[in-house]
């Protein structure tokens, strides 16, 4: 079946999608080639949306009211990233997993001298360039993992989620590593899959759930031995990185996880609701609830792979596991939406479902900054009760994605579907 880049209704003005007998090879390669650089469009919109902060700096409450906050220039100023990688290894004060912290400090060392605003602006724009390349790599990986469904790559390249979340933090590093691992697995490169997953684990913790999802999917697919080899490569890679930092900068290795355990529920987390209601849960209780949420996410992933009509793909299982883990996590910042972007696309999610989720993320994006503004100007801020409403809307958006892939996996194709169009779950979920 010929792949479409956009939903059929949206291509009506072009004469509709290509026909059954149209030449495919040149058309596919041309479209795929153009999809990768299209990532620059939402990235340009992300920069434009933050024009106020780029011009005047990321200081004061105005960055929240203007919704142009970014953790990248904030960390540059607070953590002393101008000292570069050597400074990070010598005196780490950055609350980031070590590979993310290393890249952040490495870029910080490249910032030229100047005023505080000029340096923050340069650092932010360095990251804009790097994130654009990382997301372009995600598009390229998606094109090759699901070459018969270019809508998937188009969703990664043109997603509104990029405008909202891409330049808030360094999460695009982990997202690109996960996309690369899925492409490596698709091409039967087991060792490379594991290495990329291991690097991803040392960049963001959610990658551990992605690795578990690989084991679940491979068990149903009959590739469990290869999956275990990949996970062992991932563990060895993560251990190698950990040993290096134990020797060079042990504080940098342990600080993010200790802070996670000791910290309270953060923005975007369902466990923040009791705090807003005036009955905050202790930090240890929230940590245990979040850990239990991860266990529940894995159990649901196992149930999904067991009961699916056809063997689900790794991205489909990962969407269930990571999505559930996010919803029950201790902190789910705006930028966490990037975690689901290539996974949902490779799971062949429909454009309609993608936009429903992106719309929920957009509403929460606006609400969270108005709620954060209460710390400085309570009379202008969004009341806590209303923030809870938008938090639940965002949770519903993630639930929608998980539900759609779950339904696509558990229910067989319609009986009227032609036999030659009948494909495994991974081929059918994303049809419009």
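Along the chain as shown, residues are numbered 1 onward.
Keep in mind that glycine also has a Cβ here, set from the backbone N, Cα and C atoms.
Summarising the annotation, TrEMBL assigns transmembrane segment to 27-48, 123-146, 158-185, 191-218, 230-249, 281-305, 317-342, 354-372, 384-403.
Note on the transmembrane segment (281-305): residues 209, 212-213, 216-217, 219-220, 260-265, 269, 271, 274-275, 311-312, 316-317, 320-325, 327-330, 406, 409-410 of its chain, located 6 or more positions outside it, place their CB under 8 angstroms from a CB of the stretch.
Contact counts against the transmembrane segment (354-372), taken as Cβ pairs under 8 Å, peak for 158-185 among the stretches 27-48, 158-185, 191-218, 317-342.
The transmembrane segment (317-342) and the transmembrane segment (27-48) are not in contact, since fewer than 3 Cβ pairs between them lie under 8 Å (pairs 6 or more apart in sequence). Remote same-chain residues near the transmembrane segment (27-48) are listed as 3, 5, 18, 54, 128, 131-132, 135-136, 139-140, 143, 147, 150, 153-154, 156-160, 162-164, 166-167 (criterion: CB distance under 8 Å, separation of at least six residues from the stretch ends).
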